[in-house]
Amino acid sequence: MAETKSDTGLSEKDAVKTEVGQSSYTNMAFAYPEAGEAMQVPPPPSYMPPSYQSAVCASEYANKPEPSLNSNYNTINGPDTVVVVTGNDALPPGCVEVVATEYEDKSVRRAFIRKVFAVVTMQLLVTFGIVCIFTFANVVKNYIKSNIWVYITSYCVFAVVAIVLQFGGSLRRRFPWNIIALGVVTLSLSFMVGAVASFHDTTAVIIALGSTVIISFTIIIFSAQSRISFSICNGILIVLAVDLMMFGFFSIFFYSTMLQILYGCLGALVFALFLAIDVQLVIGRESYALSPEEYIFAALAIYLDIILIFLYLLILFGGGKK
């Protein structure tokens, strides 16, 4: 490529050298090649980039942001959402509140499961112990038969305290009042179930007691290990529960052995399904789970399911004398 000359008679390259200086054109001791020479890559500039001072905050924030009171709660709409169900204190439909940190920690859930089933075991030992006393001790059995007020009083105490625990979310979480209330419910229901068992044959009570233990243990193990979600049966169980109440009411006026057997089978089946649902709520493997703070509510739900299974099996196997 031919070099062009300026008006001064200098070539373009010489004019650039004259204008910017020889040192600038050579890029700090690097001489650009003449025409026809091989071109080499010039080295990087020898100068260092300018240094900057570290950023310094002139003053602190005037209004320092604070975490909100509900910073531990997040709304999650993913498929792995764990919904906290806290009995009747749960949020209305459309509002979902979850505690993500607690459910990500498996140790919290395991401790909750151990606590719930430990409480249920103690409740069942007390109840079935009282049932055995009312069944095998003839003195106690005859006294209960002649004093029906024991059954009525225990039933009233159980109903009042159970309703308070069901609708009183603060009481269920306040120690030691929650333990005291749960103890009152357990003792009152134990006396009531023992009074019912005293009106049945000893053989029927033993068969119903053994069947309840086997059925409940099997349902708990199956619900904990199974991938089947029983929570989809909630609507069906509500309908069956209403039908069961109506069936029991009309059976008073049209009593027969066949109706009694059918009523006992239907009741045991319904509350066996309720037990499976409550166990999965405690385990927390499904989309819905009980909060770890609700161990009293969880223990009471499982305990009532097992006791009702026992009562319906007692109707099925024994048949009341009165």
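Backbone N, Cα and C define each Cβ position, glycine as well.
Taken verbatim from TrEMBL:
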| type | residues | note |
| --- | --- | --- |
| TRANSMEM | 116-136 | transmembrane segment |
| TRANSMEM | 148-167 | transmembrane segment |
| TRANSMEM | 179-199 | transmembrane segment |
| TRANSMEM | 205-224 | transmembrane segment |
| TRANSMEM | 236-255 | transmembrane segment |
| TRANSMEM | 261-283 | transmembrane segment |
| TRANSMEM | 295-317 | transmembrane segment |
Field: Chain residues in Cβ proximity to the transmembrane segment (116-136) (below 8 Å; excluding those fewer than six residues from its ends, i.e. six or more beyond)
entry: 144, 182, 186-187, 189-191, 193-195, 197-198, 200, 202, 205-206, 209, 282, 295-296, 298-299, 302-303, 306-307
Query: Taking 179-199, 205-224, 236-255, 261-283 as candidates, which has the most Cβ pairs under 8 Å with the transmembrane segment (295-317)?
result: 261-283
Query: For the transmembrane segment (205-224), which partner among 179-199, 236-255, 261-283 gives the most CB pairs under 8 Å?
result: 261-283
Task: Please indicate, using numbers and ranges, the residues of the same chain that are 6 or more beyond the transmembrane segment (236-255) and have a C-beta under 8 Å from a C-beta there.
output: 262-263, 266-267, 270, 273-274, 277
